[in-house]
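*Asks:* Pulled from Swiss-Prot, these are the listed features:
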type	residues	note
DOMAIN	25-412	domain 'Helicase ATP-binding'
BINDING	38, 39, 40, 41, 42, 43, 44, 45	ATP binding site
MOTIF	91-114	motif 'Beta-hairpin'
DOMAIN	429-595	domain 'Helicase C-terminal'
DOMAIN	622-657	domain 'UVR'
C-alpha cells in the first residue's frame, strides 16, 4: 500500500510549520471544519502537501476552474511523484444542454463534444481510488455532478490473475457489458482485440499502455502490460483489474429492472398529462421514452441515459446522486482552494440546473425522474464532507463562521512583505499614473492597472500605447489559454503594462510586477470590496520593490479595512524578518509555458510551443526528446503528418539545445 511522501528540497518555513501543525492537530482531533488563511505567496499549496503527508488520507482538492485545477495538479505531482495525483474536470470541449423555450416552441437538443484526454483522466482518477490510498484528486466544481454508482462501477470491473480459471468467451462478454468495444483495426482507449487465445485490452484510464491476457485453455497463463505504440512489454503482472469504459455502465439485469420502472413512471406521467388535456406533450413523451427504452434493450444504453440515472441507481425520488465524492473512502480529506470563489459556485449549481429542467418535464420532453440527474444541493454537499479545510487569503463569513480552527499563514518563506499602500486623488490620475509607469519600467519591472469599466480599460490601453508604452489589455472574453499566454508575455517583457477590470483570477502571481495601480478605488461595489481590494493588493506581494497606489478622493470603509489589514500583516512580517535576520527577496520563478493539462482543459491541441518549459538541464531535455519522438511516431501512425512534422522539428531543436549545453559544460 503506497504512502504519501513529499519530494522537495525545501522544508516548511515562516508560518508554514505552525499552520501545518495546527491543521493536522485539528484533523486528528476530528474537527470537521477548518480554514487555512494564507496570504498571497505564502506557499499554501506546499502547506497543503505537508498536511496530506502527515495525515495520510485520500484527498480531494476542489478548485474553481479547470486551469487552476490543472496548475494545482501539476504542483502536487511534483510534490508526490510516487503517489497517484489525478485530474477530474468536466470532459466537455463544448456543451449545449438539452432545453426547451416555450415562448418560441423551440426544443434544443443536447449537443456536446467530449474531450477524450479528459475522459481518460477521469477514469484514471476513479480507478485509482479503488486501487490505492495515496491518491490526490484535483477537481473542478463539476465533481458535484452526478456520476455512475461507485458500487456498480466496482461490481462491473473484472479481476484477472495468473492461474485463474477463466473462459475466453466469459472475459469477452464481460468486456462488452463494461462497454468496451471490439476493434481489431483501431486499437484505442476503451477497446479490445482478440487473436486466438490472446486478448488485448486498452483500459479506459490508460494513456499509452494496454493489457495482454494470454490464455492456455480456460486458464490465464500470462498477463502483460505493453506499450501500444511499440508493442514492447513494459512489465509482467500477476494480477490486474479492468474497470468499466463508462462511469454509467450498468449490468444487463439492472437495465431490465430499470426499464420496468421507467415504464411504470411513463404510464403515471401520461395519465397526468392527459388529465390536464396536454395531449401533444403526452404524445411527445410517449414517443421519446419508448425510443429510449428500445435503445436500452438493443444496445444497453441510449442517448441521454443520464436522465434515467436515478432509476438505474435505484434511488428514491429527491435522493442525491452519486458523485466523485462517493468514490472516496469514508475517512477522506477535502480542501476547497480559493474557497471565497469556489463555494459560491457550489451553491449556485443546483438552481441553474433545476430551472432548465422544469420546461423539459412540463412540456413532455423528459420524465420527472430527470430532475434527479443533477448536481448536489449545497446541504447535500455539506453532508458528504468528512473533514474539510478551506484555503483562501480572504475567506468569506461562511468559512469563518463554520471553522472550529483557523490557521493563519502571514509570513512568506521568501521574507516578502505585504506592499506599502498610498492613496492619491483622482484629479490628474492618468498623468500621475503615466509618470509612475515610466519610472517603474526604467527599473526593469512591470505594472498592473485595474479599472472599473471595460471602456476605461480599453481607452487607457490605447492611450498608453500612443505614448509608446508596451501595454496589453485582459478582458473576460479572452479564453484561459490566451490569458495564460498574455501573462507569459508580461513576464518576459513583451509587454510592460497589463490593464484589466478583474485582475483577481488565478495565474496573476507575476514576480516582475513592482506596481499595482487601482483606479477609482473609492467607488463602492463588488470590484472595490474589502476582499477584492486585499486580493488585488496581493498581486504586488511577489516583488521586494512592489507597492500599491489607490486613486480615490476619499477612503471608503472597504479601503480602510483593506489598508488596515495589509498594515497588520506587514507589521508581523517585518518583526519576523528582523528577529530572524531575513532580507526580503523577490520570487525567482521560471517562465513556463502553458502546462499540458491546461491545454487539455481548454480542449486545444496538445502540441503548443514548449520552448520556455525546457530548462537548460540535459536530463529534462533528454526526457522531452524521447516524449516528442514517441508523439511523432504516434502522429505518423495516425496519418497526422503535420503534427508529426511539428514534433520532428521540436526534436531537432531540442537536440541542438542539448549540444549547446554540452559545449557550455566543456
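Using N, Cα and C of the backbone, Cβ positions are placed for all residues, glycine too.
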*Asks:* Hey, for the ATP site built from 38, 39, 40, 41, 42, 43, 44, 45, who else sits with CB inside 8 A of the CB center?
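*Replies:* Not counting the recorded site residues, we get 47, 393, 409, 412.
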*Asks:* In sequence order, what residues of the same chain, 6+ apart, have a Cβ less than 8 Å from the Cβ of residue 38 (ATP binding site)?
*Replies:* 15, 19, 44, 47, 391, 392, 393, 408, 409
*Asks:* Could you tell me the mean pLDDT the prediction assigns to the domain 'Helicase ATP-binding' (25-412)?
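*Replies:* Overall, the domain 'Helicase ATP-binding' (25-412) comes to a mean pLDDT of 90.
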*Asks:* List nothing but the one residue from 40, 42 whose Cβ has the fewest other Cβ atoms within 10 Å; the candidates are the binding-site residues.
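*Replies:* Output over binding-site residues 40, 42: least Cβ neighbours within 10 Å is 40.
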